[in-house]
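Per Swiss-Prot, these features apply:
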TOPO_DOM  1-6  topological domain 'Cytoplasmic'
TRANSMEM  7-27  transmembrane segment
TOPO_DOM  28-589  topological domain 'Lumenal'
CARBOHYD  Asn83  N-linked glycosylation site
CARBOHYD  Asn126  N-linked glycosylation site
REGION    127-151  region 'Disordered'
COMPBIAS  136-151  compositional bias 'Basic and acidic residues'
CARBOHYD  Asn317  N-linked glycosylation site
CARBOHYD  Asn454  N-linked glycosylation site
Amino acid sequence: MKQIRRWQRILILALLSISVFAPLIFVSNRLKSITPVGRREFIEELSKIRFTTNDLRLSAIEHEDGEGLKGPRLILFKDGEFNSSAESDGGNTYKNREEQVIVSQKMTVSSDEKGQILPTVNQLANKTDFKPPLSKGEKNTRVQPDRATDVKTKEIRDKIIQAKAYLNFAPPGSNSQVVKELRGRLKELERSVGDATKDKDLSKGALRRVKPMENVLYKASRVFNNCPAIATKLRAMNYNTEEQVQAQKNQAAYLMQLAARTTPKGLHCLSMRLTSEYFSLDPEKRQMPNQQNYFDANFNHYVVFSDNVLASSVVVNSTISSSKEPERIVFHVVTDSLNYPAISMWFLLNIQSKATIQILNIDDMDVLPRDYDQLLMKQNSNDPRFISTLNHARFYLPDIFPGLNKMVLLDHDVVVQRDLSRLWSIDMKGKVVGAVETCLEGESSFRSMSTFINFSDTWVAGKFSPRACTWAFGMNLIDLEEWRIRKLTSTYIKYFNLGTKRPLWKAGSLPIGWLTFYRQTLALDKRWHVMGLGRESGVKAVDIEQAAVIHYDGVMKPWLDIGKENYKRYWNIHVPYHHTYLQQCNLQA
């Protein structure tokens, strides 16, 4: 009996020893396997538990005061809530912790509810796409996007403005200690900041000089404390600054317009070389081929009015290269006597083997009035583009091409990207002009009648509506036969003469075109003609790629230095920069 009791005591002591030393052994092994990052997380978890005991105790008291105990909230997750492939490792670790807490909460529910909980836990495990564990030494933090900010830069520039303002408050010739220190700190800070626009561009020296500047500004605020005088001075400074900004804007706009009106040196050089080459040819060699197709109505006829060699070349080349049947194309290039030799020589040197090209001199035709140039000068515009004969000669198309019934009118600042032959199959429904409308508010191409036309005039207000839908030149399908029936050229001449006597519309061919073809236009799908590449319009790249014709309307033409670089590439691919004349005139992409 004593032997049995002794063995019982030994067994009990052994079990007690195991219960004491076993946890120590397991915990020590666990701590050895924890990485430095894991130890830091373990300590952070302990600190969170230590500081949240009071909250837990208060929460327990609140539950006791309630009507009854509530079970744990069962959180259901959807497939869309777990997208580990698009998140960082740190984000997945954070989500894994939440899932462990949720599972542990569910395991504490009574056994009666286990049948409902276990399928939910299994569903959670099946739907979750877990990432592999973090490697040793890898940071367990969320990846922050690297965004360049300018908060500190703006703060520093604000302090520079404050310092300049305080210096303006100082009496003339003042040489006090505060003024000296303010000038010194201002020079140092301006030199350190330089032209930085983002915080990443700031040097360490600039950041170190912020605190001394703040101290000097505080001293200056104690010295210059006459608030009414300071307010008056600040208002004067604000007014002067606004005047300077407005003057700079006006100057920039003027220079932009001046650049748009000026012929680049390279283009002038090219025209001179081509003109010289043209007059060195024998008269019989100046003739273009396939002249029998000029007035054949079975062909697809295009017309462009231009005084620019490269611009007209791009329009012709892009149209032919985009066509499925280039042999059916007849292209009429209408220019003036000054540019006729250069443009003729260019197309003689670069003859299109399939299409037919005709070069016309508007000055050799008898379709325009003799005093047309003087009438155009009465439009009170200094911009030669608006008072150009070529710009208004489009209203005489039925007289220029008496043997044709339908044609497509293209401006010389467009690029054709799609086959345009389908335009000839469009039913015009008795209309004269097919065009893309520009009357949808909110779009970059939006234009209103009231912006360009003077509806305060009684004659205009009684005949036209300011809410009528506008449309654009640039790519237009013209029914010349219907034009002749409605005698719209006579209508244009009538309106033009009225406009020379009193201001009825802004200079240019677009406003008078709206009036001449009022209610005579057919709306085309906007993908036929996308505008805005020659100005700040924000046209979408998708719209450009899908467009049949893209239009560089505005002053930022692709052949000018002020053209938008991201849009020039559509134009440059149709310019033969390898040509000898272009290289000699230093014309480059």
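The backbone N, Cα and C atoms fix where each Cβ goes, and this holds for glycine too.
Confidence annotation: the topological domain 'Cytoplasmic' (1-6) carries a mean pLDDT of 74 in the model. When secondary structure is read from DSSP and collapsed to three states, Asn454 (N-linked glycosylation site) falls in the coil class. Distance noted between the C-alpha atoms of Asn317 (N-linked glycosylation site) and Asn454 (N-linked glycosylation site) is 40 Å. Cβ neighbour count for Asn454 (N-linked glycosylation site) (all protein chains, 10 Å cutoff from its Cβ): 16.
For the recorded site, Asn317 (N-linked glycosylation site), the DSSP three-state label reads helix. Its own atom aside, the Cβ of Asn317 (N-linked glycosylation site) has 20 Cβ atoms within 10 angstroms in the protein chains shown.
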